[in-house]
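In what follows, a single structure is set out as structure tokens and then discussed.
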Amino acid sequence: MAANKSYKSYFLDPLWGNNQPLIAILGICSALAVTTTVNTAITMGLAVSFVTGCSSFFVSLLRKATPDSVRMITQLIIISLFVIVIDQFLKAFFFTISKTLSVFVGLIITNCIVMGRAESLARNVPPIPAFLDGLASGLGYGWVLVTVSIVREFFGFGTILGLQLIPKCFYASETHPDGYENFGLMVLAPSAFFLLGIMIWGVNILRSKKAKR
């Protein structure tokens, strides 16, 4: 497999052509909780990129020394190690965001993308391609989260990255009862699934049109 693909392909393919949330429909559950604001979406995307890239690298590095009978346990231990590292890093240097994300950083270990890349690719290719694939899979997951979070934060709160984009004077008040009001549905968890569904639908249309050419 490694001989047939360049490093560039290993990195670029998961960003779009084999994007895990949009193509494989993996890792979408966390979109419910972490896409309310762009800050949390970026943080979760980077955290998953770190865990997936590093765990894929070490799964690949140890692939020849790991018996098939214990490979899943070994992969889980490796993934858990890097989840703990990123969790402690966020608590030490980005406590506010860590508190906002709460248990969802720890739940990265249950993210299907992380185990999926380790099992389907990392144990079959050398460490560098495995790392590039894992890193890009996390980044591909990240940009999907950020896209969803931009829509949710803008319409739900009128902000992006905490910056007020919709002027306060536009909002409804006692003197202007007919003014703008935030779209409350976007703050609710189901809105993330609606937006992801629209994105998946759009990607499938683009892929089908490309296939017909």
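From the backbone N, Cα and C atoms, a Cβ is placed for every residue, glycine too.
These numbers come from a predicted model, not from an experiment.
Over in Swiss-Prot, the protein carries these features:
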| type | residues | note |
| --- | --- | --- |
| TRANSMEM | 21-41 | transmembrane segment |
| TRANSMEM | 42-62 | transmembrane segment |
| TRANSMEM | 69-86 | transmembrane segment |
| TRANSMEM | 101-121 | transmembrane segment |
| TRANSMEM | 131-151 | transmembrane segment |
| TRANSMEM | 183-203 | transmembrane segment |
Under 8 angstroms, Cβ to Cβ: which one of 69-86, 101-121, 131-151 has the largest number of such pairs with the transmembrane segment (21-41)? 131-151
Residue numbers, six or more beyond the limits of the transmembrane segment (69-86), whose CB comes under 8 Å of its CB atoms: 47, 50-51, 54-55, 58-59, 62, 105-106, 108-109, 114-115, 118-119, 123
Which bits of the chain, at least 6 residues beyond where the transmembrane segment (101-121) starts or stops, bring a Cβ under 8 A of a Cβ in it? 1, 20-21, 24, 26-27, 30, 33-34, 40, 43-44, 47-48, 51-52, 55-56, 59, 71-72, 75-76, 78-80, 83, 86-87, 90, 129-130, 133-134, 137-138, 141
